[in-house]
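Encoded as structure tokens, the structure appears first; notes follow it.
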Amino acid sequence: MKLLKLAFSSLLERKMRSLLTMLGIIIGVAAVYAMLVIGNGAKDQIMDSLGGINSRSISLSPNWTRGRASNRKPYRRFTETDVEQIRGIRGAEAVSGMINSSESVVVPGTDSQSDIRGTDQDYLATNDMTLSAGRNLNPEDLEFSRTVALLGSSASERLFGKSYPIGATVVIKRIPFEVVGVLETYEAQWSRGNDENDFIIIPRSTMRARISGDDWLVKNKVDNIQVVGETTESLTFIETEVDSILRRSRNLSAADAPDFRIFNFSANRQQQAQGQQMFTILLASIGVITLIVGGVGVMNIMLVSVAERTREIGLRMSVGARGSDILLQFLVEALVLCAIGGAIGLAIGYGAGEFVERSSSVGNESVLKIRHSLPTAMLAFGSALFTGIVFGFLPARRASRLNPVEALRHE
């Protein structure tokens, strides 16, 4: 306690010098904290952006041929055989194929276009969706091409308002469908600018037979396939097997460029997380460099302080103070200086983070979100204390090694 009083007394005697010395620490800690919370927030956004898609999921889509329209080859869709063969892969927990269309949907008092998805009973599992009411599609719905439908939460509200839709009828392309289920609201991985919960699900066989028609959709063709593995570790094996199955079905050799795309969400998540971690480290290193510069400033000022207080040090030693006492006194002064600077820097860093988040807002949504946390604050503040110890040690050591007689003669 006595050392703290001495430290505060010494700093208050030289207020302007102390404030200028703290400046480097304040800026350094503020930069470290602000960069870390911004980086962590950006990392969270990347992980959240993959929400709505099962982290054990693989997505298959046709590989559109690039180039001028006149030179493009028709892309090859998948087939029902592809879906069934992929479903047989060891480790594949759920496999769904889908065909898409936009059709006129009529209920009493409403006539509008809706996104129609022809799929199967595994679609909810492969897209991380859950039911809020009713039932899912079942194999019999596909086998007998039943006219049943599931509604996305927004589609249910748009078509039926607050009414209970189970058992009601929606007319799709002049064909009546019975509503058998309604989905919970979910967050899509990528928003295309429209309501991702405004869709209607029907059996894929019904879509092909009653809605799309063979003039537009060749028999047994599927637009895209989703696969969910039993574990994240199983995805690599599944991806290899899928590639092999599709190459065989399309007569492609290992040297041929695939006319399909395989997107592994887990691998993509890991790559983006690693990239963001490197970005966070890069941002924080800027603050660390600033902190080091501030530490050098602390050391220089403390060396000046030792030179100015040489006679005072000699007097303390002459009345019994040991070298270790002097060492501790100057170390505490450096620590107090850096602790005050660190606390101020934390406050500024917190405010800077909040400012960045609010200034990036579009409407009520922030484009760049930040994540404050106690460990991050402790790390930033701890870096200030560490700076005080490292850069305060040399001046403190020099003070502790002064010869008392020589120090007393110092003018």
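Along the chain as shown, residues are numbered 1 onward.
A Cβ is built for glycine as well, from the same backbone N, Cα and C atoms used for every other residue.
Here TrEMBL flags 18-227 as domain 'MacB-like periplasmic core'.
Taken from TrEMBL, the feature domain 'ABC3 transporter permease C-terminal' applies to 285-404.
Here the transmembrane segment (20-39) has Cβ contacts under 8 Å with residues 276, 279-280, 283-284, 286-288, 290-298, 301, 337-338, 340-342, 344-346, 348-350, 352-353, 356, 368, 370-373, 376-377, 379-381, 383-384, 387 of the same chain, all six or more residues outside its ends. Here TrEMBL flags 20-39 (among others) as transmembrane segment.
When Cβ-Cβ distances below 8 Å are used as the criterion, the transmembrane segment (278-305) is approached by residues 10, 14, 17, 21, 23-36, 38-40, 42-43, 330, 333-334, 337-338, 341, 380, 383-384, 387-388, 390-392, 394-396, 398 of the same chain, each at least six residues removed from its ends. If you look up TrEMBL, you'll see 278-305 (among others) marked as transmembrane segment.
TrEMBL lists 326-352 (among others) with the feature transmembrane segment. Same-chain neighbours of the transmembrane segment (326-352): 3-4, 6-8, 10-11, 18, 21-34, 37, 294, 298, 302, 305-306, 313, 316-317, 372, 377, 380-381, 383-385, 387-389, 391-393, 395-397, 399-400, 402, counting only residues six or more beyond its ends whose CB sits under 8 Å from a CB of the stretch.
Per TrEMBL, the feature transmembrane segment maps to 372-394 (among others). Among residues of the same chain six or more beyond the transmembrane segment (372-394), those with a C-beta under 8 A of the stretch's C-beta atoms are 25, 28-29, 32-33, 36-37, 40, 287-288, 291-292, 294-296, 298-299, 302-303, 330-331, 333-339, 341-343, 345-346, 349-350, 353.
Across the domain 'ABC3 transporter permease C-terminal' (285-404), the DSSP tally of helix, strand and coil residues reads 98 helix, 4 strand, 18 coil. A mean pLDDT of 85 is what the model gives for the domain 'ABC3 transporter permease C-terminal' (285-404).
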